[in-house]
Amino acid sequence: GMEIIMIERIANSISEKIVMYNHNSGDKEIYNYGLQIIFNTLFSISAVLLSGAFFHEFTGAVLFLISYCSVRLFAGGLHAGTNNRCMMIFISGYIITYLILRNLTVHFNPSIVCFLILLNCMILFWAPVDALNNPISDKFRRSMKNKALFISLLISTAVSLLLYYEFEAGKWAFAGLCWVCLILVTGKINNIFMSRGNYHHEKV
């Protein structure tokens, strides 16, 4: 879309100025890529917050963002190929969540507890999901897993308390955790298929 083109142009313009200042043209692509990630992230968060305000669910949007972003930062997940695709998946995820939850009342019950346990087990066993072409060390992997699980357990506790005391806002934090686990599982499955494809290709 037009916004994506604008982000690319702004990132390119700033990276050119940085390169001119540093006199190191070899780093232009690195600056450009980093700036695009920053701008895409800011645009995605702004789009979700504006959507939440438009839907009269600003608090829900904030809780969804806190839940999703804090765990996703350490859990990893599906890598959509480009920053722009990641951005569109993220924004679409919130809109889909809103459409599902807008008229849905979620009460605290044993099913919610079981589902929260399942989500945390997914993070325990599968996080972090990294890119196959950019694997991380075992030490860093353990650190990221521990952080993702710790944050997920905190959010699960907050969700349980909010729903137990009948605060509707709890469902948005719950949805954020569900969405990040969906991205996690999708990324894990995608990596399995890709690694199998690479294995068969090498055998041939």
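Along the chain as shown, the residues are counted starting at 1.
Cβ atoms are placed via backbone N, Cα and C, with glycine included.
Feature list (source: TrEMBL):
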type	residues	note
TRANSMEM	30-52	transmembrane segment
TRANSMEM	58-75	transmembrane segment
TRANSMEM	82-101	transmembrane segment
TRANSMEM	107-127	transmembrane segment
TRANSMEM	148-167	transmembrane segment
TRANSMEM	173-193	transmembrane segment
Stretch among 30-52, 58-75, 82-101, 107-127, 173-193 sharing the most Cβ pairs under 8 Å with the transmembrane segment (148-167): 107-127
Top Cβ-contact partner of the transmembrane segment (107-127) among 30-52, 58-75, 173-193 (pairs under 8 Å): 173-193
Contact set, same chain, for the transmembrane segment (58-75): CB under 8 Å, 6 or more residues outside the stretch: 45, 48-49, 51-52, 90, 93-94, 97-98, 101, 123, 127-129, 144-145, 147-148, 151-152, 155, 169-177, 179-180, 183-184
